[in-house]
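One structure is given here, and the rest of the page talks about it.
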Ligand SMILES: NC(=O)C1=CN([C@@H]2O[C@H](COP(=O)(O)OP(=O)(O)OC[C@H]3O[C@@H](n4cnc5c(N)ncnc54)[C@H](OP(=O)(O)O)[C@@H]3O)[C@@H](O)[C@H]2O)[C@@H](O)CC1
Ligand SMILES: [K+]
């Protein structure tokens, strides 16, 4: 599906079911957490990278839910960014939890990745509007060079939902992608198939 069709689908669900977008985000996060807690039983520690849009909002909600299930959680974000309203709600909720450490993206360079730390990419999803550059390009390149298991939420960051990424564009190298609703058009573009993992 294209990003526009996905947005229309979300709008249809919101208009025809008594559901608010924040509830859709909560549902999406719950589904991710169910998969993660079943499939990452041997991992205790998660480093979750959250952008300022709704993909980041999913990441904040996932962080809260995994923490409630007893996992150790570190969240990386740009706390000064202007968040989407649903991301802001989940970010505020996360800040109330004293057991979760919230760090700035640049602190990743001093972070001690345990070999069993799982990296979760909730930087960008269907709202990516241009290739990654500067801070985000460097961050994703840094994360791609770690040997940790990597999970992308909805789409690997840097991958457009319905367009081919330019040659050489930096894209998060996910082992697994937990994609919402239907398969996205981008997953069928042969050159990009190996970026999404399973
Ligand atoms: N719809 C729903 O109801 C549900 C949606 N869900 C989730 O929402 C996700 C889509 O969320 P989203 O539309 O907020 O977009 P998202 O990918 O988070 O990023 C947008 C932000 O990134 C920015 N930006 C873009 N490119 C950039 C770049 N290269 N470098 C830097 N910044 C860049 C962009 O800024 P701008 O382009 O305006 O400059 C904007 O601020 C979807 O994938 C799914 O995970 C689920 O919760 C289920 C319910
Ligand atoms: K993502």
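Just so it is clear, glycine is given a Cβ too, placed from its N, Cα and C backbone atoms.
These figures come from a predicted structure and were not determined experimentally.
Per TrEMBL, the K(+) site holds 55, 157; the candidate it also names there, chosen from 110, 114, 121, is 121. Just one of 72, 74, 154 is listed by TrEMBL for the same (6S)-NADPHX site as 54, 55, 56, 57, 58, 125, 126, 127, 128, 129, 130, 131, and that one is 154. With respect to ligand 2, the binding-site residues 54, 56, 58, 126, 128, 130 contribute no residue with a C-beta closer than 6 angstroms to one of its atoms. In the structure as shown, the Cβ atom of residue 157 (K(+) binding site) sits within 10 Å of 25 other Cβ atoms.
According to DSSP, residue 121 (K(+) binding site) is assigned to a strand segment. Summary: among the binding-site residues (58, 154), the fewest other C-beta atoms within 10 A of the C-beta are counted at 154. The K(+) site is set by 55, 121, 157; from the centre of their CB atoms, other residues of the chain with a CB within 8 Å are 49, 51, 56, 59, 122, 123, 124, 125, 152, 153, 154, 155, 156, 172. In the three-state DSSP scheme, residue 154 ((6S)-NADPHX binding site) falls into the coil class.
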